[in-house]
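Noted in TrEMBL for the protein shown:
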TRANSMEM  54-73  transmembrane segment
TRANSMEM  80-97  transmembrane segment
TRANSMEM  123-141  transmembrane segment
TRANSMEM  146-165  transmembrane segment
TRANSMEM  171-193  transmembrane segment
TRANSMEM  205-223  transmembrane segment
TRANSMEM  229-247  transmembrane segment
TRANSMEM  284-302  transmembrane segment
TRANSMEM  314-333  transmembrane segment
TRANSMEM  382-405  transmembrane segment
TRANSMEM  411-436  transmembrane segment
TRANSMEM  480-500  transmembrane segment
DOMAIN    537-575  domain 'RING-type'
REGION    585-619  region 'Disordered'
REGION    709-750  region 'Disordered'
COMPBIAS  732-744  compositional bias 'Low complexity'
Amino acid sequence: MALKDKLEAVLNVGLRVPSIMLLEVLYRWDVSSFFQKIQRSSLNNNPLFQYKYLALYLHYVGYILSLVLLTLPRQHLVKLYLYVLTALLLFAGHQVSRDYVRGELDSGYEGPLYLEPLSMNRFTTALIGQLVVCTLCSCVMQTKRIWLFSAHLLPLVARLCLVHLETIVFINRFAMIFTGLEVIYFLASNLLVPYKLAKTAYRELVQVVEVYGLLALGMSLWNQLVLPVLFMCFWLVLFALQIYTYFSTRDQPTSRERILFLFLTSIAECCCTPYSLLGLVFTVSFVALGVLTLCKFYLQGYRAFMNDNTMHRGVTEGITLLILAVQTGLIELQVIHRAFLLSIILFIVVASILQSMLEIADPIVLALGASRDKSLWKHFRAVSLCLFLLIFPAYMAYMICQFFHMDFWLLIIISSSILTSLQVLGTLLIYILFMVEEFRKEPVENMDDVIYYVNGTYRLLEFLVALVVVAYGVSETVFGEWTVMGSTIIFIHSYYNVWLRAQLGWQSFLLRRDAVNKIKSLPTASDRQLEQYNDICAICYQDMKSAVITPCSHFFHAGCLKKWLYVQETCPLCHKQLKSQPQAAGASAAPAQDILPANPNPAEAGHGEPVGSEAEGDKTITENGVPLEECQAGPSSALPKPEGRALGTQCLEGQAEGRALGTQCLEGQAEGRALGTQCLEGQAEGRALGTQCLEGQAEGRALGTQCLEGRGNAPSQGSGESYLRCRHPQRSAASSSPATTTSSICSACF
């Protein structure tokens, strides 16, 4: 922002402050009460009482003029202030001329000026003053006709010409009348300017409302007038005047206790009207914004301003103050009662600021603990701020209990402070756990459970504190004084801080319990299977010394999969729904052995690469010279061949020339296989596997949603029969003949 723009922004705010000051004065001055006092004191004989209705009209006209000044565009507002400044300069010139004439009349000297030193000094001073006034008026009005503002020089010229003093008095009156006529002429020539401005403004407002609506108009006026900054400046000026008035009327120094009382009393004096209350609200908002900004800067430095959070703008604190002030009737109370109530409201605002500081610090502290950042200065700043947020709310709650009598409102403040301290304590404990895990050589597998227990403990304590507040509020409502405001606060507190917290906690417990049950129902991978799988966990990208196997044949760490199931109940790779399946005791190892059979080449397990000549020697060949394929009948298991592995929701295997990975089949040779919803084959050896099978040759056979394929001499599958050829080397030579029933299939296959 350029210097000119900054200056215009300052002028835009500073020139509008007097309009709000005028509104403040008009609100405090009750015309009816003023004339009632005059009527009681003078018994209707005071001449001012005759102008009662005129004063009322002027009172309302003052409101209108104040609103006009508040909403006037900046260019016209600057011109108006220049005109007012010119009028003040002309009045100052009149005062200088009048004082000079009175001084000459008192001295009675009518001779030459250079013969009387006192007369010469008076003349020189008056002449310099009048020249300064004329020059300033000419500059302000931007005109070279300086004679328009030099009428008050006539008495000085007459005295220099040795005119009689009585004539100089007459000339001074003539100069005053001439200047007044100039002002009247200027006002008459610009009499229609307000009407033209109002007409233009009305036309623009109608156009904006028709095109954009009332909301856009309100936002535009809000941004142009800069109302938050304007009301804050107005309240600060009012507060400074109040402090100055207090110290200017006292001679003896003020003690420390009196300073605190003076501070609260001055604030109470400066919020006795709606305008000053709005000023206090915006001032508190800006103070909260400044504190939160300093908190961000202390934690992150200049990086905190790159991605600013719009949630921490101090708006919550200002709205809280406004709602409490309106509901309690703050501006209608006496000064002492207002100061006492205002102290309680300010405690609530401070508690809200501390909560916002915790919301800023919590993710930064936890991220710093989980990261590998070794900067001691960053850790010191984070921990020191957390210690401050741990100690200060507790100290504030202690001071409230010491100085105030306990009631429902104070209990809300104390509970908020206690909750802030509990949350900070939980954050520090989790940070310590992260740092302990960082200094360990191996990660702690149950760290997630420990963190969950820490969070659950302080969440339970928060819930108990909220229950205590609700119980106290209900007892005070039943056995004490019942109010609508108190009942409303109890209802809102019960819903948000008790019911919603209990509901969220119970849902979290159920979700965690379901995740634990799902993990327990999954089979555990054996050492042989982990050696054959020879891969990393797809969630944490770490080596697997132990793992569980999902129904879709995917391997994961049990802890990693449990964290995933807290979020969603699907497989992280294929996104298939995972449902807990009850299993018999002691049967966890057996299913794990069946899911992934032995692989003669463990180094290539799970990667879908063809094996060497050793694998080719193990193939079982039919009489036509073509290997038979095997495919699993369900989606929850896989029968890999030595030539290829399929990793996905289904395991579909081809020849050594083609491999199927996931739900798609990448084909390399004429014997490749097509896997999809539809399969169109172009070679004589093509095989179709999918929901629909379109076959091009006599050698292809389609079997339902999955295709078990053979050669032309292999008949299609009948009901309950499986014409598969087992290819496991541990089977006897008799197994090379086609199986007649599913019961004769190799136990390692199913």
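A Cβ is built for glycine as well, from the same backbone N, Cα and C atoms used for every other residue.
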Q | Long-range Cβ neighbours of the transmembrane segment (284-302) (under 8 Å; 6 or more residues past either end) | A | 228, 232, 312-318, 321, 349, 352-353, 356-357, 360-361, 364, 381-382, 385
Q. Are there residues at least 6 beyond the ends of the transmembrane segment (146-165) whose Cβ is under 8 Å from a Cβ of it, and what are they?
A. 86, 89-90, 93-94, 96-97, 100-101, 104-105, 108, 110-113, 123, 126-127, 130, 133-135, 137-138, 171-172, 174-176, 178-179, 182
Q | Which of 54-73, 123-141, 205-223, 382-405 contacts the transmembrane segment (411-436) most, counting Cβ pairs under 8 Å | A | 382-405
Q) Do any residues of this chain, six or more beyond the ends of the transmembrane segment (205-223), have a C-beta under 8 angstroms from a C-beta of it, and if so which? A) 71
**Q.** For the domain 'RING-type' (537-575), the number of residues DSSP places in helix, strand and coil
**A.** 10 helix, 6 strand, 23 coil
(Q) Which residues of the chain, 6 or more past the ends of the transmembrane segment (314-333), have a CB below 8 A from one of its CBs? (A) 271-274, 277-278, 280-282, 284-290, 292, 341-342, 345-346, 348-349, 352-353, 356, 485
Q. For the transmembrane segment (171-193) and the transmembrane segment (80-97), does the number of C-beta pairs under 8 Å, pairs 6 or more apart in sequence, reach 3 or more?
A. yes
Q | Surrounding residues of the transmembrane segment (123-141) on its own chain - C-beta under 8 Å, 6+ positions past either end | A | 82, 85-86, 89-90, 92-93, 96-97, 99-100, 113, 148-150, 152-153, 156, 159-160
